[in-house]
Structures are given as structure tokens and as C-alpha cells.
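According to TrEMBL, the protein has these features:
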type: ACT_SITE; residues: 148; note: active site, charge relay system
type: ACT_SITE; residues: 224; note: active site, charge relay system
type: ACT_SITE; residues: 257; note: active site, charge relay system
Ligand SMILES: N[C@@H](CCC(=O)N[C@@H](CS)C(=O)NCC(=O)O)C(=O)O
């Protein structure tokens, strides 16, 4: 692991690292915010934040305004990159923003040429937490959240791994990727044409399939430019009703898809996760 950036923030530290990842077969970058006084004697729980299309580990850390409250609550935040990168990692042939680099969709690809490096599901569920827990003063208490493609990732990973994440939240998630252009393009190419293989990566289908005990909180702006074509949060509401799972969807009049929206409500999500991680 190599330290590539270090900033003091709100009495804590914002650090960036690269490391050789086994799951994605390339160097991966992540950022971690450690609150003040986090130490081996006083380890802190971790919120994993998954970002959206075009993002790196930096968007959330620089734009969401989450560190002040995380410092006060005593919560670490880990923000991974959104795809494998580097020499030999294939990209969308046209360099499109919604597939390939910056658009790993948090799946384990099964189709060539994507299946060598695009293993973001395994990276986020297993490899990254194991590294974080061996290298930093953190507990095994984890929560997960994310935005857009990352909201999809957080919902899917949280629902599939209730023993690994105590609470799950999302901002403007791609709620039903089997039924929107971004999702159909990504799942079709990473996983192939057989839609039966997509259902493990579709939050609405997972939510409808059984009653989930994990707590789900979703934030959505009504003026989000992607709301009707790509995000479709009502699919989550219907699925939660079908399976009798608790889901809170908060619609916010006039808010768009940007980090202005995330920054406006991130504190409610930190408090939600802090409550479930026993910090408040
Ligand atoms: N209009 C954007 C679409 C991608 C987009 O809106 N990305 C969102 C996540 S889906 C984001 O967080 N962008 C980076 C940022 O706002 O910092 C583009 O074409 O680049």
C-alpha cells in the first residue's frame, strides 16, 4: 500500500492510497477519512461510500461535506474508486462515460474482455474491507452508502451481505438497472445477454425477492435529470411492499442529481448509520 495524499481535516486525517488489488488485477486507489482520536485502543466503525458514474475516490471527499460530522461522530469513511484503471484495463470502445473506466457498476463481470479486471463486487465486499481492517484503527462494524451507480452498488451489496453491513443507504440510486438504459448497457456487457444473471445485481429484484432485515434509507431529488429514465425509485417502493421490507424513500422537491443535493442531506445519512453502528 502506498500513501499518495494526506490532508488534515476537522482534526482528523484524509488519506489516499494505492494498492495492488487481487480481485481487480490492477492498482486501485481509495481515500479514507479517519476521525480525530481513532487509534488501536479506540478503533472506529466505517462507512463505505460508493460513488457514481465518472467519479473517482475524490468526488465524495471533496464535495459532500461529510467530514465535519464524521469527525464529531467518530466514524471513518472509505471512498473507493469506481472501476479498475490502468494499463491493460479495457474501456468502452467509444470512451462513453456510462461504461468501462469510471463505471464498474460494482459487479463481478463474467464476459470477456471485462471479466479479468472488472470485479468491483468482490473488491468492495471482501478485499477492501479486509485491507482497511488490517491497516487502520477501525472496527468490523460497517455501513454502506452511495450515489447513483454507487447507490445501486450500496443497495445491492448491503442487501446481499446483511451480516457484513449494519445499515444501507443511497442517494439517487439506479434502482432497477434491468429496466433502464444505463443498467441494461452495463449488465448486458459485463454479465452477458442472459437477464437471469442480472437479478443478483438489481436492487428492486433483490428487494422483491424476500423480506430483508437490513435498514434501507433512500434520498431522491424531484428535479434530478435522470429520475424518470434511469433511476426509477418507485420500483424500490413497489418491491419493498411486495416483500414487506422496511424502506424509507424521501423525495426532495427541486433537488437535482448533483453533489449539491448530496451535501444537503448527507448529515441525515451519517446520523442514520451512526445510530445503527452504536455511535449515537
Ligand atoms: N452529466 C454527467 C453524467 C454523470 C454524472 O452525473 N455523474 C454523477 C454520478 S452519476 C457524478 O457524481 N458526477 C461527478 C460529480 O458531480 O462530482 C456527465 O456526462 O459526466
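Each residue, glycine too, has its Cβ placed from N, Cα and C.
Caution: TrEMBL annotation is automatic and unverified by curators.
Separating the Cα atoms of residue 148 (active site, charge relay system) and residue 257 (active site, charge relay system) is a whole-number distance of 8 Å. It is 5 Å from the Cα atom of residue 257 (active site, charge relay system) to that of residue 224 (active site, charge relay system). Listed in sequence order, 172, 231, 255, 256, 257, 261 are the same-chain residues at least 6 apart in sequence whose CB falls under 8 Å from the CB of residue 224 (active site, charge relay system). Packing around residue 148 (active site, charge relay system) is summarised by its Cβ count: 25 other Cβ atoms lie within 10 angstroms of its Cβ, all protein chains included.
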